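Enquirer: One structure, pasted below without further comment.
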Amino acid sequence: MVYDLIVIGGGSGGMAAARRAARHNAKVALVEKSRLGGTCVNVGCVPKKIMFNAASVHDILENSRHYGFDTKFSFNLPLLVERRDKYIQRLNNIYRQNLSKDKVDLYEGTASFLSENRILIKGTKDNNNKDNGPLNEEILEGRNILIAVGNKPVFPPVKGIENTISSDEFFNIKESKKIGIVGSGYIAVELINVIKRLGIDSYIFARGNRILRKFDESVINVLENDMKKNNINIVTFADVVEIKKVSDKNLSIHLSDGRIYEHFDHVIYCVGRSPDTENLKLEKLNVETNNNYIVVDENQRTSVNNIYAVGDCCMVKKSKEIEDLNLLKLYNEERYLNKKENVTEDIFYNVQLTPVAINAGRLLADRLFLKKTRKTNYKLIPTVIFSHPPIGTIGLSEEAAIQIYGKENVKIYESKFTNLFFSVYDIEPELKEKTYLKLVCVGKDELIKGLHIIGLNADEIVQGFAVALKMNATKKDFDETIPIHPTAAEEFLTLQPWMK
């Protein structure tokens, strides 16, 4: 039998493509070497959000006295881990049931290419023919093959790196007194904020002068201040040269400038992730790659005509003239930011977010089997950092907007205030958690090119504003909209130039 589509990888993008294609009456096979759901379900979005929720519950309980509650509480981490993992197992089973319901053939094992139409699966069990028992190898043939293998943690060549764990293994921790995280991206920041609120002494090590360097500086300043107030230790200019194991659950972190930090139960490395493509044998087919990422065009097609890729394992190459300089932020190519003219050379970009992979997978299936033409739109994708307090952001930072459009063409509206929720807290005003928000406007019409917020419920607030920015909302549009009171979000609709 020849499949219409073979999907390698059962994460968000692969599942979305497989199920959508099957609903278009395509004959589909999906290959997965581990648990269904990929990074998001198993070691990413879902368990992370549950831990974020636990940390948020901690904050409410700890401060409930300000609302008149006399609350004494204790925390049972092993119990939370057990309930979290049971929920994830339930999701794994739901994913399996959904594939069966949509008549997608599931194969368990590691896939590699034999040719552009054939793959070899090792260590498999065909779940649709269980009477056959376990199979050592299986060869599948498909007219189209989609690679959706996701990514995996990166471990740099640091002495003693074998003594560390990745963000994936963080979810296995059931007890710890002191944890150090090496890295300053969104995964590191989200985890360190959770760790502290679970009663664990916390250190985060950043190579540069601040965390989350690609985000708006004003927003990150607010976050860093809150983290320091909550006794999270931020170590900057931290060039780690060794992780030394002194004894069991006693690790020390050594920096190049001689600084030493000691007595860590766990050290977690969060310095990036790379595509999980090493077992695919792409070199047999001369599939184009860039820094190990599979290169695809805007239709998700690789350099081999019938092979596609979606999600965290690929990068989109845009080689035609780029007229919308606002897109440049997405390309992670800072050298382009100071260019005012159109850019014509090849640019590669990748947005590693679950909804992006799902969207790309579904639209690919629509193009392949319904002959539709819609492509994933990478412009103005909203992003949330589940820190404490959370951050919501859309579009350009103030710094990027000035570099692209010039300072004279950029107008900033911002406000910083205490959310009403914290108004009754019986503490000094400067200790109350602040909400900070900003609009980045460009041109005489004040087109909103960036929207940023940090504060309580920012993660829920930002979604609706993403629609407005996609529809080219201006500051005038915001001004003419009647706000909901009392809310934090209403501040976006009432901002004035003098507000600071």
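Each Cβ is built from the backbone N, Cα and C atoms, and glycine gets one as well.
Annotations per Swiss-Prot:
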- His485: active site, proton acceptor (ACT_SITE)
- Ser12, Arg19, Tyr95, Arg362: glutathione binding site (BINDING)
- Ser12, Gly13, Glu32, Thr39, Cys40, Lys48, Ala111, Asp312, Thr354, His485: FAD binding site (BINDING)
- Ile187, Glu190, Arg207, Arg213, Gly272, Val384: NADP(+) binding site (BINDING)
- Cys40-Cys45: disulfide bond (DISULFID)
Enquirer: Within 10 Å of the Cβ of Arg19 (glutathione binding site), how many other Cβ atoms are there?
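Expert: Neighbour count, Cβ to Cβ under the 10 Å cut-off: 23.
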Enquirer: List only the single closest residue to Glu190 (NADP(+) binding site), chosen from the binding-site residues Ser12, Ala111, Arg362 by CA-CA distance.
Expert: Ser12
Enquirer: Distance check, please: Cα of Arg19 (glutathione binding site) against Cα of Cys40 (FAD binding site), rounded to an integer number of angstrom.
Expert: 17
Enquirer: By the DSSP assignment reduced to helix, strand and coil, which category contains Cys40 (FAD binding site)?
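Expert: Cys40 (FAD binding site) sits in a helix per DSSP.
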Enquirer: Just give me the nearest neighbour of Val384 (NADP(+) binding site) among the recorded positions Ser12, Cys45, His485, Cα to Cα.
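Expert: Given the candidates Ser12, Cys45, His485, the nearest one is Cys45.
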Enquirer: What other residues of the same chain, not counting Ser12, Arg19, Tyr95, Arg362, have a CB atom within 8 A of the CB centroid of the glutathione site?
Expert: Gly13, Gly14, Met15, Ala16, Ala17, Ala18, Arg20, Asn98, Ile358, Gly361
Enquirer: Express in Å, rounded to the nearest integer, the largest CA to CA distance found among the glutathione-binding residues Ser12, Arg19, Tyr95, Arg362 named in the record.
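Expert: In whole numbers, the farthest two Cα atoms are 16 Å apart.
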Enquirer: For the NADP(+) binding residues given in the record (Ile187, Glu190, Arg207, Arg213, Gly272, Val384), what is the largest pairwise C-alpha separation in angstrom?
Expert: 22
Enquirer: Filter the recorded positions Ser12, Tyr95, Ile187, Arg362, His485 down to those whose C-alpha lies within 10 angstroms of the C-alpha of Cys40 (FAD binding site); answer none if the list is empty.
Expert: Ser12
Enquirer: Counting other CB atoms within 10 A of each CB, which of the binding-site residues Ser12, Thr354 comes out lowest?
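Expert: Comparing Cβ neighbours within 10 Å for the binding-site residues Ser12, Thr354, Thr354 has the fewest.
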Enquirer: By a simple count, how many Cβ atoms lie within 10 Å of the Cβ of His485 (active site, proton acceptor), its own Cβ left out?
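Expert: His485 (active site, proton acceptor) is surrounded by 7 other Cβ atoms within 10 Å.
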